[in-house]
């Protein structure tokens, strides 16, 4: 292998490779990246055991070929390097990287890196911005408890021109819907297998990490096959296994059918600040009580050890003077998903979940939080 | 106690209190802050067992008095609070904090907080900016190994109109000198006990933490007594015990008497980037070799497992073609102290330390790094 590549582009790709992969794998074969030069340019391919990332970066290929090298060393060597182009050459079991004023030689690793594989069929396309708006807060509602694999995933389903994303850890549920362009409309060859629809359960952490990194990509293509899910864009792809087993789509959809007993609108940031402060007063579980009164939400918390707090947040209130208690941290996660917006809270009867929504530019986002049982009346 | 205080000033003081104290003490009595209202305003006094911090903030005192409350709760409650003034009232064993739209009640703690004590005598004054410029890099050269208390300190000594700061962990030594205004010149009453001179050994971590926070304070007064050291400024003070035992002042001064075999000047940032990259190639100990050649420094590192690197950094070289090896991390610490400046490296004969210096606006800073024994000639 012998190529000349622009340092800045290559450094960006090497850094993105690290960010799309988790660092926690201890398997030595997961520390490498396969660098492959062919007529498409230079490919960087790596895995952490959970996802396979394949990035392409422009390069002038003098001699095609490939090598596996430690991927962190590649990224660390290229970052802050003050040169326009780098020459990468494989010589006697080493990758030599040469720039004006510097030369580096990395030992090649035993070739255990993943081979560039086929992506599952393309199903349709979303914008990176929409994907992040939807995937990051929704993935935040998924469970981190790996004993319940189903709840560690984000459910993706298409409905005509919308892609919906769902996740729940059973104490809260987040659902988002973003514009979807089916594969045929997006210009994919129908023979590639995609029918413009999708129904998949994807690891939430993987989806959130990828969505964070792709927020500026204009077109993110969504691929799904029997057991594989992938996102691809101009420059690369990330592939992961889907989570097997059924998903309670019908039950979750019913939960989103909200019948409000009281609807409240307030500035999401002001309310989040108040809930954050109150949580510190809410005892070991950070119990926070919201009470809708005329023109305001009362945010209260008290505990014999941590003290008590009562704050008033301006709000428009439509309906009865409802009172509900929540685990403050969960409520705060919900409110932060609506930062810089007016959030609408719909309180339902009894122990049914409270729904938070907002009118975002292109996405709809609903965050349900299950209330705690209201404590027996206190004397505060 | 009953006072009205501006929220922003009070929140700043509460946050500064947390930053000047370490969070690691597990003693419950170290979790509190004494709030005391008197004719000087509102005082916040707290300790972590190593330092005592005493801050003053303006307040209209309706009723003098005092209370001990959890200090983190005070800071968390006041931060992001959107109100001009807060009313603080002690009522039945609790501190009530009231702002428009919010009221909070914090349980008072058993009164184990420190009492505001006397500061040791004032010795002189420095600017906060000079103090940070000198204390942060010098403190970084102190040992973190508490088995050697003497080396965990920064030595402060005055020489006429200069305050010098020294620290060493025996592998490196940093020394700085900044302008010093003796106590009488600074306007302190001579009867207060200070003679304008100082000779103290102060915990490096405490000094660095305080200097970071005080960098914008125009006048920082330095106090020292038999066993106590303090910094005071308009708004507060921080007091700590000095480290006992002798300090090898004469030996360290001799080390600073540098006889260069070769002097090199280079851009500190470019050299630091090169050393940072090289360290990754320097094997388990991050061994990096500098070689002065005509018009440049060669930065080299190699190891059978991590590969090899050679970089050229532009430099002016005066003297023989010296070659020295260093522990990359220690060399990097030294170079980072000179960020954005041209650094001068003076290599000495044999195993004597290499001195890094730069012409800073008001301070002088010298960082000595002990070279490693040059390895037997390698074939690279």
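Each residue, glycine too, has its Cβ placed from N, Cα and C.
When TrEMBL is compared with the stretches B:109-128, B:129-148, B:149-168, the one noted as region 'Disordered' is B:109-128. Counting residues per DSSP class in helix, strand and coil order gives 31 helix, 46 strand, 45 coil for the domain 'DNA polymerase III beta sliding clamp central' (B:128-249). If you average pLDDT over the domain 'DNA polymerase III beta sliding clamp central' (B:128-249) in this model, you get 91.
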